[in-house]
Amino acid sequence: MSNQGKCPFNHVAGGGTTNKDWWPNQLRVDLLNQHSDRSNPLGEKFNYAEAFKKLDYKALKADLVRLMTDSQDWWPADFGHYGPQFIRMAWHSAGTYRTTDGRGGGGRGQQRFAPLNSWPDNVNIDKSRRLLWPIKQKYGQSISWADLYILAGNVALESMGFRTFGFGAGREDVWEPDQDVNWGAEVAWLGVDPKRVNDERELTAPFGATHMGLIYVNPEGPNASGDYLAAAKDIRATFYRMAMNDEEIVALIAGGHTFGKAHGAAPESHKGPEPEGAPIEAQGLGWTSNFGSGFGKDTVSSGLEVTWTKTPALWSNNFFENLFKFEWELTKSPAGAKQWVAKDAPEIIPDAHVPGKFHKPTMLTTDLTLRFDPEFGKISKRFYEDPQAFADAFARAWYKLTHRDMGPKARYLGPEVPKEDLIWQDPLPAAIHNPSAADIADLKARIAASGLSVGDLVSVAWASASTFRGGDKRGGANGARLALAPQKDWEANQRAIKVLPKLVEIQQASGKASLADVIVLAGNVGVEQAAKAAGVAVDVPFAAGRVDARQDQTDVESFDVLESAADGFRNYSKGNLGVPTETMLVDKAQLLTLTAPELTALVGGLRVLGANYDGSQHGVFTDKVGVLSNDFFVNLLDMNTVWKAVDDSNEVFEGRGRKDGQVKYTATRNDLVFGSNSILRAYAEVYASSDGKEKLVKDFVAAWTKVMNLDRFDLA
């Protein structure tokens, strides 16, 4: 018998020590290769918007209504109604969104993948998804999981007597976990790394929750202290990261806790492993409990055993009634979690599964915050005294919660999209220009004759378009918000702002196009001039139709989060990033939905076009600035140049001749990474080769056009 026959089979694909094990700080270029067609079973020709048009929307909603009261033996409905758990599922799908980087949220159906499917805060939500499966199976690809999660939450509210604000579909599923979202550095669930929360209980960017594995905050108060006043700071920190204000916070918490219950029938030691850690025969279900039946009255989820209202399957104002009517004393759930019970109160809260059995009202520590925090308390009292104001505030806040990460309203699908434009949707006016081919040609001629350099033209277009974020679909060139606060005041945009008056002059003289279109067209003219100077004739694709937003349509505070701490494409950095500069370049590329080859072509092209934010010479490895050549790559890979940092910060470098020691170039880490990182160097070598000149021009034009049109959802 051979040695192979005697030994265990231990050489499966992907086994063994990985590059990440050897070099933990290796640049994550792989983040730019996520969600490719190779992982999508529907194929590149599948169009979700077209598939959704074929959906029998009324029939789907009717099926969801029936599901709400169709209690299953394997997971019985609390109070005979699944609505509360579907509200929780929808909330926790959308609730991972954070404004800091636009990542997270419910727009991609990520809740069914790790780590979210196994977060402690999502315990037993896997059961809600399984309850939905027969409906998803029936309607197939005409409704995405991502849309179904949110719609199920809406229908749950409606089936319990609440009037929702509306629903917009359009969330397209992906087929693997997002790798780009930084959920934190903790290695234990519910841990708190010092990098997440500082001594003043302030969340650091980009995190949106106070603990690893929580959607928001610890419901027992900071560090399970039971301190409802201290909890206010954590609540604000997390909800503010979702762009919610105090009124929306109160409405969401109180509205959500009008329904259902929390589950803590026994200590958490009774729970089995989460879905990703469960055995294969569990078929993706987790947290199997060995306490009693394991479900129904014996359910162990959060460890808290709280029912807030006397009508937990019906909309009411009873949450606020109980909150203000009773005094509260600290107690513990059967699982040992800190919670509150109404003092000297009658047993008026129905049991979820035993008819005729009642309990005293109970609350979470974070519920009491809504009464005893001075500012939250004022809002809560107003909602208590004006139930209609509460209902309206909750409807609007719920709509915002579940749609905040979808981008502009133009992306919404379906018959229930509200007509009202909301400021958080970054509204745009109706188009008033429709330039003809002759109009566009005239504008291009005016731009070419303006005296603006290639670097100026390219810089202004890049500054306008590169605010786009693929996570929440915000930003981009449409709207020309570069000319408005806050973007006009950003440090990185000051070169571009100096160019704007000339483009405004051209736009007004023509009167045939929006400023937004003129800005993009200016960049295209610059690229065409640079390509022609390199000996390659190109027509950069241009799609007119952009409009110009007004300042009153632009929430300054909301747009402030779109400002990049670093934009390596134009060699900009605020400094003191806390991470290697080149990681921020990859981060920016990922937000722009670029591939690694697109990143490479764009940086190399922008450098020789002279598009640095401050006009500096860092990375401008050419004596033909304004020509779209491959000089950046040729000279970067030239072994006759030796690089050395100019100081201990290792941020700026000098490239000297190997023989004469004379300074030839200067560069930043954003430049040198294309020679140091083995993957990026492989791409750089393609463009530095003798047959790479024309390829670079064509690849640059394609990537450039992609960035200019990232927010053109009207073109889909």
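Residue positions begin at 1 at the first shown residue.
For all residues, glycine too, the Cβ spot is worked out from N, Cα and C.
Residues or ranges marked as active site, proton acceptor by Swiss-Prot on the basis of sequence analysis: HIS92. Summarising the annotation, Swiss-Prot assigns heme b binding site to HIS257 and lists sequence analysis as the type of evidence. The annotation site 'Transition state stabilizer' is assigned in Swiss-Prot to ARG88 on the grounds of sequence analysis.
Geometry remark: ARG88 (site 'Transition state stabilizer') versus HIS257 (heme b binding site), CA distance 10 Å. All protein chains considered, the CB of HIS257 (heme b binding site) has 23 other CB atoms within 10 Å. Looking at the residue listed as 'heme b binding site' and HIS92 (active site, proton acceptor), their Cα atoms lie 14 Å from each other. Within the same chain, the residues at least 6 positions away from the residue listed as 'active site, proton acceptor' whose Cβ sits under 8 Å from its Cβ are GLN111, ASP121, ASN122, ILE125, ILE215, listed in sequence order. Neighbour density for ARG88 (site 'Transition state stabilizer'): within 10 A of its CB lie 24 other CB atoms from the protein chains shown.
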